[in-house]
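Sequence annotations record features per position, and here Swiss-Prot assigns active site, proton acceptor to His469 based on similarity to another entry. The annotation FAD binding site is assigned in Swiss-Prot to 3-32.
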Amino acid sequence: MYDYIIVGAGSAGCVLANRLSADPSKRVCLLEAGPRDTNPLIHMPLGIALLSNSKKLNWAFQTAPQQHLNERSLFWPRGKTLGGSSSINAMVYIRGHEEDYQAWEQAGGEYWGWKRAFALFKKLEHNQRFDKSNYHGTDGELAVSDLKDLNPLSKSFVQAGMEAKISFNGDFNGAHQEGVGFYQVTQKHGQRWSSARAFLHDVIDRPNLDIITEAHATKVLFEDRKAVGVSYIQKNMHQQVKTTDSGEVILSLGAVNTPQLLMLSGVGAAAELKEHGIALVHDLPEVGKNLQDHLDITLMCAANSRTPIGVAFSFIPRGLVGLFSYIFKRKGFLTSNVAESGGFVKSSPERDRPNLQFHFLPTYLKDHGRKIAVGYGYTLHICDLLPKSRGRIGLKSANPMDDPLIDPNYLSDPEDIKTMIAGIKIGRAIFDAPSMAKHFKREIVPGPAVTSDDEIVADIRSRAETIYHPVGTCRMGKDPASVVDPCLQVRGLRNIRVVDASIMPNLVAGNTNAPTIMIAENAAEIIVRKVDMASLDASIGFTRQNLEPELL
(Lines of atoms letter the chains of each structure in order from A and count residues from 1; the text may use other names and numbers.)
(Lines give C-alpha, C1' and ligand atoms only; values in the text may rest on other atoms or scores of the structure.)
Protein backbone atom coordinates (compact mmCIF):
# COMPACT_ATOMS: atom_id res chain seq x y z
CA MET A 1 0.00 0.00 0.00
CA TYR A 2 1.08 3.54 -0.74
CA ASP A 3 0.88 6.88 1.02
CA TYR A 4 0.61 8.60 -2.36
CA ILE A 5 -0.47 7.26 -5.74
CA ILE A 6 0.35 9.79 -8.47
CA VAL A 7 -1.37 9.13 -11.79
CA GLY A 8 0.55 10.69 -14.66
CA ALA A 9 4.31 11.29 -14.88
CA GLY A 10 4.13 14.53 -16.82
CA SER A 11 5.29 18.06 -16.06
CA ALA A 12 3.49 18.00 -12.70
CA GLY A 13 3.69 14.32 -11.78
CA CYS A 14 7.49 14.16 -11.91
CA VAL A 15 7.78 17.09 -9.49
CA LEU A 16 5.31 15.49 -7.10
CA ALA A 17 7.11 12.14 -7.20
CA ASN A 18 10.37 13.87 -6.30
CA ARG A 19 9.00 16.00 -3.47
CA LEU A 20 6.66 13.45 -1.88
CA SER A 21 9.23 10.63 -1.92
CA ALA A 22 11.82 12.89 -0.24
CA ASP A 23 10.38 11.64 3.05
CA PRO A 24 11.72 8.05 3.28
CA SER A 25 8.84 7.08 5.55
CA LYS A 26 6.31 7.69 2.76
CA ARG A 27 5.75 5.14 0.00
CA VAL A 28 4.99 6.70 -3.38
CA CYS A 29 3.70 5.08 -6.56
CA LEU A 30 3.94 6.89 -9.90
CA LEU A 31 1.80 5.51 -12.74
CA GLU A 32 2.50 6.49 -16.35
CA ALA A 33 0.58 5.33 -19.43
CA GLY A 34 3.57 5.67 -21.72
CA PRO A 35 7.05 4.10 -21.74
CA ARG A 36 10.25 5.30 -20.12
CA ASP A 37 11.86 8.30 -21.81
CA THR A 38 14.71 6.37 -23.44
CA ASN A 39 14.02 7.35 -27.06
CA PRO A 40 16.99 9.52 -28.17
CA LEU A 41 14.68 11.81 -30.16
CA ILE A 42 13.25 13.03 -26.85
CA HIS A 43 16.60 14.30 -25.64
CA MET A 44 17.93 15.72 -28.93
CA PRO A 45 16.09 19.06 -29.19
CA LEU A 46 15.45 19.03 -32.94
CA GLY A 47 13.96 15.57 -32.48
CA ILE A 48 10.76 17.47 -31.76
CA ALA A 49 10.20 17.56 -35.53
CA LEU A 50 9.69 13.78 -35.52
CA LEU A 51 7.88 13.25 -32.22
CA SER A 52 4.45 14.27 -33.52
CA ASN A 53 4.39 11.09 -35.58
CA SER A 54 5.27 8.82 -32.65
CA LYS A 55 2.14 6.99 -31.53
CA LYS A 56 4.18 5.39 -28.73
CA LEU A 57 5.17 8.72 -27.15
CA ASN A 58 2.12 10.76 -28.11
CA TRP A 59 -1.58 10.42 -27.32
CA ALA A 60 -2.26 11.96 -30.76
CA PHE A 61 -5.81 13.03 -29.93
CA GLN A 62 -8.32 14.44 -32.41
CA THR A 63 -10.86 17.07 -31.43
CA ALA A 64 -14.53 17.02 -32.24
CA PRO A 65 -15.36 18.86 -35.49
CA GLN A 66 -15.05 22.57 -34.79
CA GLN A 67 -18.07 24.62 -35.77
CA HIS A 68 -16.11 27.83 -36.30
CA LEU A 69 -13.20 26.15 -38.11
CA ASN A 70 -15.13 24.76 -41.06
CA GLU A 71 -16.08 21.62 -39.11
CA ARG A 72 -12.47 20.46 -39.06
CA SER A 73 -11.24 17.95 -36.48
CA LEU A 74 -7.87 19.15 -35.15
CA PHE A 75 -4.82 17.12 -34.16
CA TRP A 76 -3.96 17.43 -30.46
CA PRO A 77 -0.58 15.91 -29.55
CA ARG A 78 0.04 15.26 -25.84
CA GLY A 79 3.08 13.60 -24.30
CA LYS A 80 2.86 9.92 -23.35
CA THR A 81 6.14 9.06 -21.62
CA LEU A 82 8.04 10.03 -18.50
CA GLY A 83 7.99 13.82 -18.57
CA GLY A 84 4.68 13.93 -20.44
CA SER A 85 4.37 16.87 -22.80
CA SER A 86 7.61 18.36 -21.43
CA SER A 87 9.30 15.48 -23.29
CA ILE A 88 7.81 16.39 -26.68
CA ASN A 89 7.26 20.17 -26.50
CA ALA A 90 9.32 23.03 -27.93
CA MET A 91 11.03 23.62 -24.56
CA VAL A 92 10.10 27.33 -24.47
CA TYR A 93 10.37 28.66 -20.90
CA ILE A 94 7.64 31.22 -20.27
CA ARG A 95 5.93 31.91 -16.96
CA GLY A 96 3.09 34.09 -18.18
CA HIS A 97 2.03 37.57 -17.20
CA GLU A 98 1.71 38.86 -13.63
CA GLU A 99 -1.97 39.64 -14.24
CA ASP A 100 -2.63 35.96 -14.96
CA TYR A 101 -1.72 35.13 -11.38
CA GLN A 102 -3.65 38.05 -10.00
CA ALA A 103 -6.69 36.34 -11.49
CA TRP A 104 -5.61 33.06 -9.89
CA GLU A 105 -5.39 34.84 -6.54
CA GLN A 106 -8.93 36.12 -6.95
CA ALA A 107 -10.04 32.56 -7.64
CA GLY A 108 -8.04 30.69 -5.04
CA GLY A 109 -6.48 33.06 -2.56
CA GLU A 110 -3.04 34.44 -1.76
CA TYR A 111 -1.32 31.06 -2.05
CA TRP A 112 -1.99 31.15 -5.80
CA GLY A 113 -1.13 34.80 -6.40
CA TRP A 114 1.81 36.30 -8.27
CA LYS A 115 4.02 36.86 -5.23
CA ARG A 116 3.91 33.20 -4.32
CA ALA A 117 4.20 31.98 -7.93
CA PHE A 118 7.17 34.25 -8.63
CA ALA A 119 9.05 32.92 -5.60
CA LEU A 120 8.38 29.33 -6.67
CA PHE A 121 9.52 29.97 -10.24
CA LYS A 122 12.83 31.25 -8.88
CA LYS A 123 13.14 28.34 -6.45
CA LEU A 124 12.65 25.77 -9.22
CA GLU A 125 14.92 27.40 -11.81
CA HIS A 126 18.58 26.88 -12.62
CA ASN A 127 19.09 29.67 -15.13
CA GLN A 128 22.40 29.51 -16.93
CA ARG A 129 22.46 33.14 -18.10
CA PHE A 130 20.69 35.29 -15.53
CA ASP A 131 22.87 34.28 -12.59
CA LYS A 132 22.64 37.69 -10.92
CA SER A 133 19.10 38.62 -11.92
CA ASN A 134 16.34 39.59 -9.51
CA TYR A 135 13.94 37.67 -11.74
CA HIS A 136 15.62 34.27 -11.95
CA GLY A 137 16.93 31.46 -9.79
CA THR A 138 20.11 29.40 -10.04
CA ASP A 139 19.67 26.70 -7.40
CA GLY A 140 16.71 24.72 -8.74
CA GLU A 141 16.54 21.53 -10.75
CA LEU A 142 14.88 22.95 -13.88
CA ALA A 143 17.67 23.94 -16.25
CA VAL A 144 16.88 27.04 -18.33
CA SER A 145 19.33 28.32 -20.91
CA ASP A 146 19.82 30.30 -24.08
CA LEU A 147 19.83 28.31 -27.30
CA LYS A 148 23.34 27.21 -28.23
CA ASP A 149 23.14 27.82 -31.99
CA LEU A 150 20.73 30.47 -33.27
CA ASN A 151 19.92 30.41 -36.96
CA PRO A 152 20.70 33.76 -38.65
CA LEU A 153 17.06 34.02 -39.72
CA SER A 154 15.96 34.03 -36.08
CA LYS A 155 18.21 37.03 -35.50
CA SER A 156 16.80 38.69 -38.60
CA PHE A 157 13.27 38.22 -37.28
CA VAL A 158 14.09 40.04 -34.05
CA GLN A 159 15.79 42.85 -35.95
CA ALA A 160 12.81 43.12 -38.30
CA GLY A 161 10.48 43.31 -35.31
CA MET A 162 12.40 46.31 -34.03
CA GLU A 163 12.26 47.87 -37.51
CA ALA A 164 8.48 47.40 -37.31
CA LYS A 165 8.48 49.53 -34.11
CA ILE A 166 8.31 46.64 -31.63
CA SER A 167 10.77 47.00 -28.77
CA PHE A 168 13.47 44.43 -28.03
CA ASN A 169 12.99 42.33 -24.91
CA GLY A 170 16.01 40.49 -23.56
CA ASP A 171 14.00 38.54 -21.00
CA PHE A 172 10.35 37.58 -21.49
CA ASN A 173 10.28 36.46 -17.84
CA GLY A 174 11.76 39.69 -16.53
CA ALA A 175 10.38 43.12 -15.71
CA HIS A 176 7.89 43.09 -18.58
CA GLN A 177 6.65 40.68 -21.23
CA GLU A 178 6.09 42.85 -24.28
CA GLY A 179 8.56 42.93 -27.17
CA VAL A 180 10.50 40.69 -29.55
CA GLY A 181 13.49 38.60 -28.60
CA PHE A 182 14.97 35.14 -28.23
CA TYR A 183 13.35 32.41 -26.18
CA GLN A 184 15.09 30.72 -23.32
CA VAL A 185 14.54 26.98 -23.26
CA THR A 186 14.49 24.07 -20.84
CA GLN A 187 17.79 22.62 -22.01
CA LYS A 188 21.07 21.64 -20.38
CA HIS A 189 24.29 21.09 -22.32
CA GLY A 190 22.37 21.13 -25.58
CA GLN A 191 19.84 18.50 -24.51
CA ARG A 192 16.15 18.70 -23.61
CA TRP A 193 15.64 19.12 -19.87
CA SER A 194 12.16 17.73 -19.38
CA SER A 195 10.39 17.48 -16.06
CA ALA A 196 11.55 13.86 -15.93
CA ARG A 197 15.19 14.82 -16.44
CA ALA A 198 14.93 17.65 -13.93
CA PHE A 199 12.98 16.01 -11.13
CA LEU A 200 12.74 12.25 -11.64
CA HIS A 201 15.97 10.80 -13.04
CA ASP A 202 18.09 11.64 -10.01
CA VAL A 203 15.64 10.04 -7.57
CA ILE A 204 14.45 7.13 -9.68
CA ASP A 205 16.21 4.60 -7.44
CA ARG A 206 14.72 5.77 -4.15
CA PRO A 207 13.57 2.61 -2.37
CA ASN A 208 10.25 4.21 -1.40
CA LEU A 209 9.40 5.28 -4.98
CA ASP A 210 7.84 2.80 -7.41
CA ILE A 211 7.49 3.93 -11.03
CA ILE A 212 5.15 1.82 -13.14
CA THR A 213 5.22 2.65 -16.87
CA GLU A 214 2.92 1.55 -19.69
CA ALA A 215 0.15 1.53 -17.08
CA HIS A 216 -3.07 2.97 -18.49
CA ALA A 217 -5.21 4.17 -15.57
CA THR A 218 -8.83 3.07 -15.95
CA LYS A 219 -10.55 4.06 -12.72
CA VAL A 220 -10.08 5.67 -9.33
CA LEU A 221 -11.38 3.32 -6.66
CA PHE A 222 -13.71 4.83 -4.06
CA GLU A 223 -15.18 3.64 -0.79
CA ASP A 224 -17.87 5.94 0.54
CA ARG A 225 -16.51 8.88 -1.51
CA LYS A 226 -12.99 8.24 -0.25
CA ALA A 227 -10.31 7.46 -2.84
CA VAL A 228 -8.57 4.20 -1.90
CA GLY A 229 -6.69 3.19 -5.03
CA VAL A 230 -6.39 3.12 -8.80
CA SER A 231 -7.12 0.44 -11.40
CA TYR A 232 -4.93 0.26 -14.49
CA ILE A 233 -4.17 -1.93 -17.48
CA GLN A 234 -0.60 -2.99 -18.21
CA LYS A 235 0.21 -5.42 -21.02
CA ASN A 236 -3.48 -6.32 -21.30
CA MET A 237 -3.59 -7.27 -17.62
CA HIS A 238 -5.90 -5.54 -15.15
CA GLN A 239 -4.03 -4.38 -12.04
CA GLN A 240 -4.71 -2.30 -8.93
CA VAL A 241 -2.70 -0.22 -6.49
CA LYS A 242 -4.12 0.76 -3.13
CA THR A 243 -3.46 3.54 -0.63
CA THR A 244 -2.96 3.33 3.10
CA ASP A 245 -5.88 4.43 5.25
CA SER A 246 -4.66 8.03 5.23
CA GLY A 247 -3.12 7.84 1.76
CA GLU A 248 -4.03 9.99 -1.23
CA VAL A 249 -4.64 9.58 -4.93
CA ILE A 250 -3.26 12.52 -6.94
CA LEU A 251 -4.36 12.97 -10.55
CA SER A 252 -1.73 14.57 -12.77
CA LEU A 253 -2.79 13.34 -16.18
CA GLY A 254 -3.28 16.79 -17.72
CA ALA A 255 -6.22 18.84 -18.93
CA VAL A 256 -7.49 16.07 -21.23
CA ASN A 257 -6.98 12.83 -19.32
CA THR A 258 -7.62 14.00 -15.75
CA PRO A 259 -11.29 14.95 -16.31
CA GLN A 260 -11.75 11.82 -18.41
CA LEU A 261 -10.50 9.60 -15.57
CA LEU A 262 -12.67 11.40 -13.04
CA MET A 263 -15.75 10.84 -15.19
CA LEU A 264 -14.87 7.19 -15.83
CA SER A 265 -14.62 6.85 -12.05
CA GLY A 266 -18.10 8.24 -11.45
CA VAL A 267 -17.20 11.87 -10.73
CA GLY A 268 -18.75 14.44 -13.03
CA ALA A 269 -22.07 15.67 -14.35
CA ALA A 270 -24.66 13.09 -13.30
CA ALA A 271 -26.57 13.28 -16.59
CA GLU A 272 -23.49 12.60 -18.72
CA LEU A 273 -22.37 9.71 -16.54
CA LYS A 274 -25.85 8.18 -16.70
CA GLU A 275 -25.79 8.48 -20.49
CA HIS A 276 -22.73 6.22 -20.54
CA GLY A 277 -23.95 3.82 -17.88
CA ILE A 278 -21.38 4.89 -15.28
CA ALA A 279 -22.37 4.56 -11.64
CA LEU A 280 -22.41 7.96 -9.95
CA VAL A 281 -19.97 8.50 -7.09
CA HIS A 282 -20.33 12.28 -6.89
CA ASP A 283 -22.23 14.79 -9.01
CA LEU A 284 -19.66 17.45 -9.93
CA PRO A 285 -20.98 19.20 -13.05
CA GLU A 286 -17.92 21.37 -13.76
CA VAL A 287 -15.58 18.40 -14.41
CA GLY A 288 -14.36 18.80 -17.98
CA LYS A 289 -15.79 22.29 -18.42
CA ASN A 290 -13.83 25.58 -18.80
CA LEU A 291 -11.46 24.13 -21.42
CA GLN A 292 -9.14 26.85 -22.74
CA ASP A 293 -6.38 26.63 -25.34
CA HIS A 294 -4.23 28.85 -27.54
CA LEU A 295 -5.39 28.76 -31.15
CA ASP A 296 -2.63 29.39 -33.68
CA ILE A 297 -2.31 30.51 -37.29
CA THR A 298 0.84 30.57 -39.40
CA LEU A 299 2.56 32.76 -41.94
CA MET A 300 4.89 30.68 -44.10
CA CYS A 301 7.31 32.02 -46.69
CA ALA A 302 9.82 30.53 -49.09
CA ALA A 303 13.34 31.85 -48.60
CA ASN A 304 15.64 33.09 -51.36
CA SER A 305 18.69 31.36 -49.87
CA ARG A 306 19.75 28.21 -48.04
CA THR A 307 19.98 29.96 -44.67
CA PRO A 308 17.00 28.13 -43.09
CA ILE A 309 17.04 24.58 -41.77
CA GLY A 310 16.01 22.87 -44.99
CA VAL A 311 14.69 19.61 -46.32
CA ALA A 312 16.62 19.22 -49.56
CA PHE A 313 19.51 17.26 -51.09
CA SER A 314 21.60 20.42 -50.88
CA PHE A 315 21.16 20.40 -47.09
CA ILE A 316 22.78 16.95 -46.66
CA PRO A 317 26.40 18.17 -46.19
CA ARG A 318 25.26 20.75 -43.63
CA GLY A 319 23.12 18.11 -41.98
CA LEU A 320 26.06 15.74 -41.59
CA VAL A 321 28.22 18.48 -40.09
CA GLY A 322 25.39 19.29 -37.68
CA LEU A 323 25.01 15.64 -36.71
CA PHE A 324 28.68 15.23 -35.81
CA SER A 325 28.69 18.59 -34.03
CA TYR A 326 25.78 17.40 -31.91
CA ILE A 327 27.21 13.95 -31.18
CA PHE A 328 30.65 15.17 -30.13
CA LYS A 329 30.04 18.71 -28.86
CA ARG A 330 26.29 19.01 -28.21
CA LYS A 331 26.31 22.01 -30.54
CA GLY A 332 24.90 22.84 -33.96
CA PHE A 333 21.42 23.11 -35.41
CA LEU A 334 20.27 19.84 -33.80
CA THR A 335 20.23 21.72 -30.47
CA SER A 336 17.52 24.00 -31.90
CA ASN A 337 14.04 23.89 -30.42
CA VAL A 338 12.89 25.19 -33.84
CA ALA A 339 10.94 28.05 -32.18
CA GLU A 340 14.07 30.10 -31.57
CA SER A 341 12.75 33.65 -31.43
CA GLY A 342 9.41 35.36 -31.07
CA GLY A 343 7.60 37.96 -29.09
CA PHE A 344 4.60 39.24 -27.21
CA VAL A 345 2.64 42.10 -28.77
CA LYS A 346 -0.64 43.96 -28.47
CA SER A 347 -3.28 43.61 -31.15
CA SER A 348 -3.95 47.34 -30.75
CA PRO A 349 -1.97 50.12 -29.02
CA GLU A 350 -4.65 50.96 -26.46
CA ARG A 351 -4.43 47.54 -24.80
CA ASP A 352 -2.71 47.42 -21.42
CA ARG A 353 -0.91 44.09 -22.01
CA PRO A 354 0.09 41.79 -24.89
CA ASN A 355 -2.59 39.48 -26.25
CA LEU A 356 -0.60 37.92 -29.10
CA GLN A 357 2.42 35.62 -29.02
CA PHE A 358 4.79 34.90 -31.90
CA HIS A 359 6.99 31.84 -32.36
CA PHE A 360 9.40 32.23 -35.28
CA LEU A 361 10.80 29.08 -36.92
CA PRO A 362 13.74 29.26 -39.37
CA THR A 363 12.25 26.37 -41.33
CA TYR A 364 9.03 25.10 -42.85
CA LEU A 365 6.60 23.41 -40.48
CA LYS A 366 3.62 21.68 -42.00
CA ASP A 367 0.82 19.88 -40.18
CA HIS A 368 2.59 19.82 -36.79
CA GLY A 369 5.65 18.30 -38.43
CA ARG A 370 3.68 15.25 -39.58
CA LYS A 371 4.18 16.12 -43.24
CA ILE A 372 7.51 16.88 -44.87
CA ALA A 373 7.79 20.31 -46.47
CA VAL A 374 10.61 20.22 -49.01
CA GLY A 375 12.84 23.23 -49.54
CA TYR A 376 14.03 26.28 -47.62
CA GLY A 377 11.62 28.58 -45.85
CA TYR A 378 10.50 30.10 -42.57
CA THR A 379 7.33 30.11 -40.49
CA LEU A 380 5.72 32.48 -38.00
CA HIS A 381 3.25 31.03 -35.51
CA ILE A 382 0.72 33.59 -34.26
CA CYS A 383 -1.51 32.75 -31.31
CA ASP A 384 -4.27 34.49 -29.42
CA LEU A 385 -2.84 34.69 -25.88
CA LEU A 386 -6.04 35.58 -24.04
CA PRO A 387 -8.85 33.64 -25.74
CA LYS A 388 -12.40 34.16 -24.55
CA SER A 389 -13.76 30.97 -26.11
CA ARG A 390 -14.43 28.05 -23.75
CA GLY A 391 -14.87 24.37 -24.52
CA ARG A 392 -15.11 21.07 -22.70
CA ILE A 393 -13.79 17.56 -22.28
CA GLY A 394 -16.43 14.82 -22.26
CA LEU A 395 -16.77 11.09 -22.75
CA LYS A 396 -17.27 9.24 -26.01
CA SER A 397 -17.92 6.02 -24.14
CA ALA A 398 -17.41 4.26 -20.81
CA ASN A 399 -14.45 2.37 -22.26
CA PRO A 400 -11.27 3.75 -20.61
CA MET A 401 -9.23 2.78 -23.66
CA ASP A 402 -11.24 5.13 -25.89
CA ASP A 403 -10.12 8.72 -26.34
CA PRO A 404 -12.28 11.35 -24.64
CA LEU A 405 -14.45 13.87 -26.44
CA ILE A 406 -12.39 17.03 -26.93
CA ASP A 407 -14.33 20.14 -27.92
CA PRO A 408 -12.25 23.33 -27.53
CA ASN A 409 -15.07 25.35 -29.15
CA TYR A 410 -12.47 27.56 -30.83
CA LEU A 411 -13.54 31.03 -32.03
CA SER A 412 -16.97 30.73 -30.43
CA ASP A 413 -16.34 34.20 -29.01
CA PRO A 414 -16.09 36.73 -31.88
CA GLU A 415 -13.36 38.71 -30.11
CA ASP A 416 -10.90 35.87 -30.70
CA ILE A 417 -11.06 36.08 -34.49
CA LYS A 418 -10.46 39.85 -34.33
CA THR A 419 -7.28 39.27 -32.34
CA MET A 420 -6.01 36.73 -34.86
CA ILE A 421 -6.71 39.04 -37.81
CA ALA A 422 -4.55 41.67 -36.11
CA GLY A 423 -1.86 39.05 -35.53
CA ILE A 424 -1.64 38.21 -39.23
CA LYS A 425 -1.30 41.89 -40.12
CA ILE A 426 1.42 42.51 -37.52
CA GLY A 427 3.27 39.38 -38.62
CA ARG A 428 3.22 40.51 -42.24
CA ALA A 429 4.52 43.93 -41.21
CA ILE A 430 7.50 42.25 -39.54
CA PHE A 431 8.15 40.09 -42.60
CA ASP A 432 7.99 43.22 -44.78
CA ALA A 433 10.64 45.01 -42.69
CA PRO A 434 14.11 45.19 -44.31
CA SER A 435 15.83 42.54 -42.17
CA MET A 436 13.30 39.89 -43.17
CA ALA A 437 12.45 41.21 -46.62
CA LYS A 438 16.01 40.44 -47.75
CA HIS A 439 15.29 36.72 -47.19
CA PHE A 440 11.88 36.75 -48.89
CA LYS A 441 11.07 34.78 -52.01
CA ARG A 442 7.29 34.36 -51.82
CA GLU A 443 4.50 33.97 -49.28
CA ILE A 444 3.15 30.43 -49.29
CA VAL A 445 0.36 30.83 -46.72
CA PRO A 446 -1.96 32.61 -46.37
CA GLY A 447 -0.71 33.69 -49.80
CA PRO A 448 -0.59 37.06 -51.59
CA ALA A 449 -4.24 36.81 -52.66
CA VAL A 450 -5.41 36.87 -49.04
CA THR A 451 -5.55 40.55 -48.09
CA SER A 452 -8.98 41.69 -46.87
CA ASP A 453 -10.29 40.96 -43.38
CA ASP A 454 -12.90 38.60 -44.81
CA GLU A 455 -10.22 36.70 -46.72
CA ILE A 456 -8.03 36.48 -43.62
CA VAL A 457 -10.98 35.19 -41.58
CA ALA A 458 -11.68 32.53 -44.19
CA ASP A 459 -8.02 31.49 -44.13
CA ILE A 460 -7.98 31.27 -40.32
CA ARG A 461 -11.10 29.12 -40.31
CA SER A 462 -9.56 26.78 -42.88
CA ARG A 463 -6.05 26.46 -41.37
CA ALA A 464 -5.85 27.41 -37.67
CA GLU A 465 -4.54 24.74 -35.29
CA THR A 466 -3.69 24.31 -31.62
CA ILE A 467 -0.34 25.40 -30.23
CA TYR A 468 -0.69 22.80 -27.47
CA HIS A 469 -1.71 24.63 -24.28
CA PRO A 470 -5.00 23.10 -23.00
CA VAL A 471 -5.91 23.97 -19.40
CA GLY A 472 -8.77 24.63 -17.03
CA THR A 473 -10.91 21.47 -17.10
CA CYS A 474 -10.77 20.87 -13.31
CA ARG A 475 -10.90 24.51 -12.32
CA MET A 476 -9.52 25.53 -8.93
CA GLY A 477 -11.44 28.05 -6.85
CA LYS A 478 -12.94 29.06 -3.55
CA ASP A 479 -16.45 28.98 -5.01
CA PRO A 480 -18.50 25.81 -4.48
CA ALA A 481 -18.92 25.23 -8.23
CA SER A 482 -15.17 24.74 -8.77
CA VAL A 483 -13.87 21.20 -9.23
CA VAL A 484 -11.03 21.52 -6.72
CA ASP A 485 -10.58 23.83 -3.74
CA PRO A 486 -7.42 25.95 -3.24
CA CYS A 487 -5.75 22.91 -1.61
CA LEU A 488 -6.50 21.11 -4.91
CA GLN A 489 -8.76 18.60 -3.17
CA VAL A 490 -11.66 17.41 -5.31
CA ARG A 491 -14.84 18.88 -3.87
CA GLY A 492 -17.21 16.45 -2.20
CA LEU A 493 -14.62 13.66 -2.03
CA ARG A 494 -11.85 12.63 0.34
CA ASN A 495 -8.21 11.71 -0.20
CA ILE A 496 -8.05 12.78 -3.84
CA ARG A 497 -6.47 15.83 -5.45
CA VAL A 498 -5.83 17.14 -8.93
CA VAL A 499 -2.40 18.63 -9.62
CA ASP A 500 -1.80 19.62 -13.24
CA ALA A 501 -2.73 22.26 -15.83
CA SER A 502 -6.40 21.36 -15.55
CA ILE A 503 -6.68 23.29 -12.26
CA MET A 504 -5.79 26.65 -13.86
CA PRO A 505 -8.77 29.01 -13.50
CA ASN A 506 -7.60 30.87 -16.59
CA LEU A 507 -5.02 30.22 -19.28
CA VAL A 508 -1.70 31.96 -18.74
CA ALA A 509 -0.35 34.32 -21.39
CA GLY A 510 2.37 32.05 -22.70
CA ASN A 511 3.59 28.47 -22.84
CA THR A 512 2.22 26.28 -20.07
CA ASN A 513 5.05 23.92 -19.06
CA ALA A 514 6.72 26.20 -16.50
CA PRO A 515 3.42 27.20 -14.81
CA THR A 516 2.41 23.53 -14.56
CA ILE A 517 5.70 22.66 -12.86
CA MET A 518 5.14 25.57 -10.47
CA ILE A 519 1.64 24.30 -9.67
CA ALA A 520 3.11 20.94 -8.69
CA GLU A 521 5.75 22.54 -6.47
CA ASN A 522 3.07 24.56 -4.71
CA ALA A 523 0.86 21.49 -4.34
CA ALA A 524 3.72 19.44 -2.91
CA GLU A 525 4.20 22.01 -0.16
CA ILE A 526 0.47 22.03 0.56
CA ILE A 527 0.51 18.24 0.88
CA VAL A 528 3.73 17.87 2.86
CA ARG A 529 2.84 20.69 5.25
CA LYS A 530 -0.72 19.36 5.57
CA VAL A 531 -2.23 22.71 4.69
CA ASP A 532 -6.01 22.43 4.53
CA MET A 533 -9.01 24.66 4.08
CA ALA A 534 -9.03 25.39 7.80
CA SER A 535 -5.80 27.28 7.16
CA LEU A 536 -7.57 29.66 4.83
CA ASP A 537 -8.77 33.12 5.68
CA ALA A 538 -11.84 33.96 3.65
CA SER A 539 -10.43 37.27 2.47
CA ILE A 540 -6.68 36.79 1.99
CA GLY A 541 -6.17 33.09 1.30
CA PHE A 542 -3.59 31.01 3.10
CA THR A 543 -2.32 32.28 6.43
CA ARG A 544 1.25 33.46 6.32
CA GLN A 545 2.50 30.97 8.89
CA ASN A 546 1.92 28.19 6.36
CA LEU A 547 4.35 29.73 3.86
CA GLU A 548 8.01 28.88 3.80
CA PRO A 549 9.88 31.92 5.20
CA GLU A 550 12.09 32.20 2.13
CA LEU A 551 9.04 32.34 -0.12
CA LEU A 552 7.35 35.24 1.62
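Every residue, even glycine, has its Cβ placed from backbone N, Cα and C.
Annotation: His469 carries the greatest number of neighbouring Cβ atoms among the recorded positions Arg19, Arg27, His469 [cut-off 10 Å, Cβ to Cβ]. Ser11 (FAD binding site) counts 33 other C-beta atoms within 10 Å of its own C-beta, drawing on all protein chains shown.
Using a 10 Å radius centred on the Cβ of Asp3 (FAD binding site) and all shown protein chains, the other Cβ atoms total 18. In this structure the C-alpha atoms belonging to Ser11 (FAD binding site) and His469 (active site, proton acceptor) are separated by 13 Å. Annotation for Asp23 (FAD binding site): spatial neighbours Val528, criterion Cβ-Cβ under 8 Å with sequence separation of six or more. For Val15 (FAD binding site), the Cβ neighbour count at a 10 Å cut-off comes to 29, with all displayed protein chains included. The local packing around Leu31 (FAD binding site), expressed as other Cβ atoms within 10 Å of its Cβ over all shown chains, amounts to 25.
In this structure, the CA atom of Asp3 (FAD binding site) is 31 Å away from the CA atom of the residue listed as 'active site, proton acceptor'. Between Val7 (FAD binding site) and His469 (active site, proton acceptor), the C-alpha separation comes to 20 Å. Reduced to three states, the DSSP call for His469 (active site, proton acceptor) is coil. Reduced to three states, the DSSP call for Arg27 (FAD binding site) is coil.
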